[in-house]
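Asker: After the C-alpha cells below, expect a handful of questions from me.
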C-alpha cells in the first residue's frame, strides 16, 4: 500500500485537471462528484496507509519517483516520505478536506456553472499542494507544496475577484506569505551549503553530529521559523489571515483554519532536531507564539464579524501550537493541530451555515436567537465552542492541557500567560455563541422569514466534525488518565531530539491541580460571558478606551500602513517621478540625441570629392602601417 | 643584383603613382598613375619570384602567374576606363576630375 502513496496527491491533481479544463462543459453535480470524490478516494487510501504505519516498529519509508534536480554533488529526488507524522497529516488533510468538499457542493450552489467548477478545481489543487507539502521527502519538495498552497490560498481568497476589497485581501495574503517564504528559501540555501543535501534523514543526522548551539543551525532554524510565521500567521506577519476571510467560508475552514496555516507547525515538527539543537531559537518561538496567542485573543474579544472572531481565534490557537513547539512539546503541537482542525473547521462551517441562512450577513449584532431556527447548526456550533474553550471531555481540553502542562514544566510564567489566553478564548467564543444563537432575533423581518436550517450536505459534515471534536481528544489522554496513544504513535518522529532535549516531568498531583485550575476558571469565564451576552441588545453605542483599541485590532494594520506601506509608496513615487524621469529617461534620450548630433557632424565628411576620399584612404593606410610596425 | 634594389624601385614607382592620383586633376594622368601602381606591384612580384627561385623553392613561379592575372585585369580596366574618360570628354569638353563633382545629387 505504501508504494501507492503517489495516488494520494495524484487523485486531487486529476480532479483539478478535470474540473479546471471541463469547467465550461461539466454540470454542477458532476463537478461536485469529481471534486469531492477525488479527495474522498485519497482519504480512503490515506486510511489504508495509516493502518500500515500505525503498527508498532514501523520505520519511515521513502517512495522514490524520479530524480528532480541533479547538480554536481547535490541530488534532489522527487520522493515521498511516509512516516507517522506525514500519515497523520494525510488523514487530517484528506479527511477534513473531503468533508469540506461535500459541504461546498451545497454552500457554493448559487454560483454559476463555470465558477462552481473553478472553485472545485482550485480546492482540489490546494489539496494536492498540501499533500505534496506533507509528503515530500526533502525541503525542496516541501517548498514546492508550500508555494502551491500559497498560490491556491491567493486564488481562493480572491475567488470573488470582482470585489476590489477581496482582491486586495488576496494580494495582501500573497505578499505577506512571500515575506515568510523568502526566509524559508534562504534557509534551504543554508541547508544546501552546510549539509550538501536536502533530504530529511541526511540533514537531521548531519545536524545532530554538529551538536548543540551550532551557529549555522541556529540561523537555519530561525529562517525556517520566519517562513512559518508567514504561512502560520504569527506576529509580525499575521495580519493577512483575518483579511483572508474574504474568501468563501468553506475555504476559510479548509485553508485558513484546518490545514494550510498549520504548515508552519508541520515544518517545525518535521525539523524538530534542528530546533532542539538551537534552544535560543526555541525560546524565541515560545515567546512569539505566546505573544500571538494573547494578542489575537484580545482582538477577538471585540470583533463583531462572525468570521473575524474565528479568524483571530485561529491566529491565537496557532500561537498555542508555536508555544508548544517552543517548549519542545512537538507531540502536543501536532495533537493540537489535529483537534484544532476538527473544531475550527466545525466552527467555520457552522458560521458558514449561519451566513447562508442570513443571506450573506456576517455581523453578529444583527443575528441572535438563531437557536430555534437552526437546531443542528446550533448544537454543533456549541460543541465546537466547548471544544475550543477546553471544557473537560472535549478534544480541545486534552490538547490545550498538554500544551499548558508542558509550558508549566518549562517555565510557570509561560503557563500563567497561556492560561490567561485560554480564558480569553473561552470568553470570546461564548460571547460569539450567545450573541449569535441566544436572545432574540435582531435582523430584518425579511431575513427572519428566510431563516431555515441548512440542507443535509451542510449539516452532515457539521455532525461528523462535531463528533470528531468530542472524541478526537481521546487519542491523547494525559498521563493521569491512561495511555497517550498519539504521543506513543509519534514517538519515532521525535526520537532524534530526545538525547538533546531536557526532559520535564510533572507529578500527578501537579497535573491534577493544573487541570483543575484551568477547567474551573474556564467555566467561570463561560458563565461570565453568558451573563453578559445571553440577552444581548445592540445599543449602537460607540465603544471607547481599550475596547475601541481592541475593536480596531490594536491599529496594527494602520501602523503597518504608516511605517511600511506608505514609505514604500513614497519611495516608488520618488523612483517614478525622479529617478525614472530625470535619470533613466534622460540617459536614454541623451544617447539618442548624441548619436543624432554625431551623425549631423560626420555627414559633412562625405563631400563627394574623390580626391579627398583617396587622400583619407592613403592616410589611413599609412597610419595602419605605422601601427603595424610599432606594435 | 640584390632584391632590395627592386624593392626600392617599386616603392618609388608606387609612391609616384599615389602622389599622382592625389595631386593631379587630369583624368588621363590619374589613370596612368594607377597603372604605375599596378606595375610597381608587378615588378615586386617578379623580383620576389626570382629571389625564391634562386633560393631553390619549387613553387616560385606562382607569383609570376599573378602578374599575368594583374596584367589581364589592367587591360580590361584600361578599356573601360578610357571609354569612360572619352565619354566624359565628349560631355564636358574637359578631362578635369573636379568637374565630376556634378555627379553628386
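Cβ from N, Cα, C; glycine included.
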Asker: Quick check on the annotations: TrEMBL lists transmembrane segment for one of A:10-28, A:67-85, A:86-104. Which range is it?
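Answerer: Among A:10-28, A:67-85, A:86-104, the range TrEMBL annotates as transmembrane segment is A:86-104.
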Asker: For the feature transmembrane segment as recorded in TrEMBL, pick the matching range from A:233-250, A:341-358.
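Answerer: Feature transmembrane segment in TrEMBL: residues A:341-358.
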Asker: So which range, A:251-269, A:479-497, gets flagged transmembrane segment in TrEMBL?
Answerer: A:251-269
Asker: If you check TrEMBL, which stretch out of A:310-335, A:544-569 is marked transmembrane segment?
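Answerer: Spelled out, TrEMBL records transmembrane segment over residues A:310-335, not the other listed ranges.
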Asker: Between the transmembrane segment (A:143-161) and the transmembrane segment (A:455-477), are there three or more CB pairs that fall under 8 A, provided the residues in each pair are separated by 6 or more in sequence?
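Answerer: They do not touch: fewer than three Cβ pairs between the two stretches lie under 8 Å.
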Asker: By Cβ distance under 8 Å, which residues at least 6 away from the ends of the transmembrane segment (A:86-104) in the same chain are close to it?
Answerer: 8, 32, 35-36, 39-40, 42-43, 46-47, 49-50, 53-54, 80, 119-120, 123, 127, 130-131, 134-135, 248, 250, 253-254, 258-259, 266, 334, 337-338, 341-342, 345, 349, 352, 457-458, 460-462, 464-465, 489-490
Asker: In this predicted model, what is the average pLDDT of the domain 'NADH-Ubiquinone oxidoreductase (complex I) chain 5 N-terminal' (A:68-120)?
Answerer: 91
Asker: I need to check the long-range neighbours of the transmembrane segment (A:512-529): which residues 6 or more away from its ends have a CB within less than 8 Å of a CB in the stretch?
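Answerer: Same-chain residues near the transmembrane segment (A:512-529) but 6 or more away: 389-392, 397, 400-401, 404-405, 408, 415, 419, 422-423, 426-428, 430-431, 434, 478, 480, 506.
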Asker: Same chain only, please: residues at least 6 beyond the ends of the transmembrane segment (A:379-398) with a C-beta under 8 Å from a C-beta of the stretch. Say none if there are none.
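Answerer: Sequence-distant neighbours of the transmembrane segment (A:379-398): 313, 317, 335, 339-340, 342-344, 346-347, 350-351, 354, 422, 425-426, 429-430, 432-433, 436-437, 459, 462-463, 465-466, 468-474, 476-478, 515, 518-519, 522-523, 526.
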Asker: Which sequence-distant residues neighbour the transmembrane segment (A:143-161)? Criterion: at least 6 residues beyond either end, Cβ under 8 Å.
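Answerer: Tertiary neighbours of the transmembrane segment (A:143-161) are 115, 118-119, 122-123, 125-126, 128-136, 167, 169-171, 173-174, 177-178, 181, 184-185, 188, 227, 231, 243-244, 246-248, 251, 255-256, 259-260, 263.
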Asker: Per DSSP, how many helix, strand and coil residues does the domain 'NADH-Ubiquinone oxidoreductase (complex I) chain 5 N-terminal' (A:68-120) have?
Answerer: 32 helix, 13 strand, 8 coil
